[in-house]
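Q: I have a structure I would like to understand better, so I am pasting it below and will then ask my questions one at a time.
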Amino acid sequence: MTLINYKAADQKEVQLRYDWSFSEVESLLQKPLMDLLWDAQRVHRLTNPGYKVQLASLLSVKTGGCEEDCAYCSQSIHNSSDITSYSDFEVEEVLKRAKTAKDAGADRFCMGWAWREIRDGQPFESMLKMVRGVRDLGMEACVTAGMLTDNQALRLAEAGLTAYNHNLDTSPENYDQIITTRTYQERIETLERVRSAGITLCTGGIIGLGESLKDRASLLKVLANMSPHPESVPINALVAVEGTPLQDLPSIDPIEMVRMVATARILMPLSRVRLSAGREQLGDEAQILCFLAGADSIFYGDTLLTTSNPAIQADRELLSKAGVQVNWSLHE
């Protein structure tokens, strides 16, 4: 058993492990809810004693026209979703939106490009300028743009990129049911390139894709056995978009999201566990349970790429109800 002890603020220890077995993860997911929440709470109170929640804002810089065939995604050219593709935002407009997000309380700005991989040339040079500009605002900068080369990863690191997002989406076993134009191994190799360049990883998955509990356990096992653990672990609930192969799938039971968050918190004590897409269908009560279970970041703003998100004022009220600390309350 590989253990690394992390001494928290009150001098108690949290153990970091990178050798979780499938049966251990599956057992956690299946624990009685009260016991699972208790275990997650004990970890979360040690590693985040002030109950701070990071607010991350997400902007789609390049929307639509993606060559990948992800079954859940409205931006794929293989799907018939009714979205409008448009040219990339200019650098100045992106930085203007980043400043607006910061003024609203966000301290992380994430930028997305609907690409299979990063293209060299002017689009990439603009991306680097955006990263530098976001960092100059005093914000964390995250990019999601598909696969990349070693040199591109190094240049993003030199520009000051905080994290690169590249989700695994689902388990290795279920992956071919969701996407066929990129292999699971290619996703892993992309994450390795990012880490080798000195950029932290933002990687997680989606529940509600028709996967089994075993698939969820397998996904979490892959994430939890990365060493070090990802800096951020986004947990998404499927937003079934018309025109995609998964358009008729039902919404998840919100308690399933609570279980995923709690298990991720136990497995990866120091990672940010981010409530991502699908929050609107959870309701306030389930989201507050997710904060209790260990979620310490949300995507904040009215839109996530091409799907809706709770309004800023609604999120302010939610976070106030939950009694957590956020960026604006820390500086008031």
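Placed from the backbone N, Cα and C atoms, the Cβ positions cover glycine too.
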Q: Out of CYS110, CYS290, which is the one Swiss-Prot records at the [2Fe-2S] cluster site of CYS142, CYS202, ARG274?
A: CYS110
Q: Let me check the 10 A CB neighbour count of ARG274 ([2Fe-2S] cluster binding site). How many other CB atoms are there?
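A: Looking across every protein chain shown, the total is 25.
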